[in-house]
Amino acid sequence: MCVEESEGAERLDFGEPAAAAADAGKSKSKSPDELPSPRMERVCENTTAADFKQNKSGNFVPNIRSGDWSDIGGRQYMEDTHVCITDLAKNFGYQSVDNEAISFYGVFDGHGGKDAAHFVRDNLPRIIVEDADFPLELEKVVRRSFVHADNQFAKTTLSSGTTALTAMIFGRTLLIANAGDCRAVLSRCGTAIEMSVDHRPCSLSEKLRVESLGGYVDDGYLNGLLGVTRALGDWHLEGMKEAGNPGGPLSAEPELKMITLTKDDEFLIIGSDGIWDVFSNQNVVDFARRRLQEHNDVKSCCREIVEEAIKRGATDNLTAVLVSFHLEAPPQVRVSRPGRVARSISAEGLNSLRTLLRNQ
């Protein structure tokens, strides 16, 4: 496992003791002007081709390939980060269930600094694995692990926050957990399927939840301060959260979506909100399919998505992770056009048309 930055490589061992990782996260918070400005940063394992065993519930066996790319975009400093882990249990020294890997992917979009995003990236996967109910009650484990990671970050007294979106794949099961405005989109036979909901103050359901907990929305911002209604961190902001009280208007609890993958499911795209500022769900699926049909390289596809977002005027940090469920490129899809009527001409009509054309 590594952390890579284009300006000087930093390495992090995910197998290090939890205490050491916690000590490393307790450094003094820096102002945005003091933070480095790497062009690209990622935490990733080599996930070129991790094969899954035959799943007893069906014939489809996902063949997992993942790629990733990040760019600082138009910002002065980089607050996005992400993680890709082929085998979550093995990565932390645990035995996989039935020797079947659980792969883990996460995108974390920090605000007010990068400390919260890096803390959650480094600690959330470990917290999930160390839960007593992992992996048998995965939904329950993931939900409370988000909250636990949030509470652990509060102890660092660092002043920043982060949105978080994770994807876990176990056999044919895909579990998405989201707190914030990163987004996951699935391509199913070329059709974009939204796998997460953006948690923003403009969302009616989120606005009602916030108001029921004593918060308010002012000019599109939570309590006039934040552009998201769910995030980890931000403990320094008054009126958002309170230690020991899970009922604040800013929630770290994720919304979950779980599905069973089929052969029609081609790939999953996870992106920070900078991607979705300039791409619609269907647009990014169409773009990715065309690129994969050209070269079938998942990492190059992520780079091209990020570069295209910059060309379209994206100004935020940009992160894209693509997880393909097949070794082959997506097939061409024939688009049906409703309302088109097939028409033919008789032999007599064809002769009349020829005569008419000759006489002109």
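Glycine residues also receive a Cβ, built from the backbone N, Cα and C atoms like all the rest.
The structure displayed is predicted, hence computed values, not measured ones.
Features of the protein shown, as given by Swiss-Prot:
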type    : residues               : note
BINDING : Asp109, Gly110         : Mn(2+) 1 binding site
BINDING : Asp109, Asp273, Asp316 : Mn(2+) 2 binding site
DOMAIN  : 65-325                 : domain 'PPM-type phosphatase'
REGION  : 1-39                   : region 'Disordered'
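Sequence features annotated in Swiss-Prot and their locations in the structure.
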residue : record                : DSSP (3 states)
Asp109  : Mn(2+) 1 binding site : strand
Asp273  : Mn(2+) 2 binding site : helix
Asp316  : Mn(2+) 2 binding site : coil
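Fewest Cβ neighbours within 10 Å among the binding-site residues Asp109, Asp273, Asp316: that distinction goes to Asp316. Same-chain residues that are not part of Asp109, Asp273, Asp316 yet have a Cβ within 8 Å of the Cβ center of the Mn(2+) 2 site turn out to be Asp80, Thr163, Asp181, Cys182, Ser272, Gly274, Ile275, Trp276, Asp277, Asn317, Leu318, Thr319. Each residue in the domain 'PPM-type phosphatase' (65-325) has a pLDDT score, and their mean in this model is 97.
Applying an 8 A CB threshold to same-chain residues 6+ apart, the list for Gly110 (Mn(2+) 1 binding site) reads Glu79, Asp80, Thr81, Ala116, Ala117, His118, Ser160, Gly161, Thr162.
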